[in-house]
């Protein structure tokens, strides 16, 4: 399958003062679904994230997500596996009408303090289409084979 570049949405961004010198968010491989986001922490004062704690880490950019899309902020698998670092409320959603700096809510689920340095790849963002549904209140749910079964009702 060939992806035609002219059909891809354009992601406009604004570099903030704390983002000066950082690489632009980028896809690290040809087939990558997410672009890596980097930490825009002070180069002289890395952020130490103790075990069991969380921190809001700036990226140094304002993103203009195209209308009809969202930015899904997700953990990086290597940080999660090697250090227990993950994103809370994952995936976090960056709405198309948000115009503030994108920040990443990181949590340390590991056993040791983790140091977040300037420019470190801390998360990935997937640009995905969204659908806004019409909401209609009804008086009874339609019948299905599953019914109200949940939480493992279809098997483990």
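Each residue, glycine too, has its Cβ placed from N, Cα and C.
What Swiss-Prot annotates here:
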type	residues	note
BINDING	76, 77, 78, 89, 93, 94, 95, 103	substrate binding site
Problem set entry | DSSP three-state assignment for residue 76 (substrate binding site) | coil
Exercise. Long-range same-chain neighbours of residue 76 (substrate binding site), Cβ under 8 Å, sequence gap at least 6?
Worked result: 36, 85, 121, 122, 123, 124
Seminar exercise, completed: Ordered by sequence, the long-range same-chain Cβ contacts of residue 95 (substrate binding site) under 8 Å (at least 6 apart) are 65, 70
For this session: Give the number of CB atoms, excluding that of residue 78 (substrate binding site) itself, located within 10 Å of its CB.
Result: 10
For this session: Would you count the other C-beta atoms found within 10 angstroms of the C-beta of residue 77 (substrate binding site) for me?
Result: 10
Seminar exercise, completed: Within 10 A of the CB of residue 94 (substrate binding site), the number of other CB atoms across every chain shown is 19
For this session: Determine, from DSSP, whether residue 93 (substrate binding site) sits in helix, strand or coil.
Result: strand
Seminar exercise, completed: Fewest C-beta neighbours within 10 angstroms among the binding-site residues 89, 93 belongs to 89
Exercise. Which value in Å gives the longest Cα to Cα span across the substrate site residues 76, 77, 78, 89, 93, 94, 95, 103 as recorded?
Worked result: 26
For this session: With an 8 Å cut-off on Cβ-Cβ distance and a minimum sequence separation of at least 6, pull the same-chain contacts of residue 103 (substrate binding site), or say none.
Result: 56, 57, 58, 59
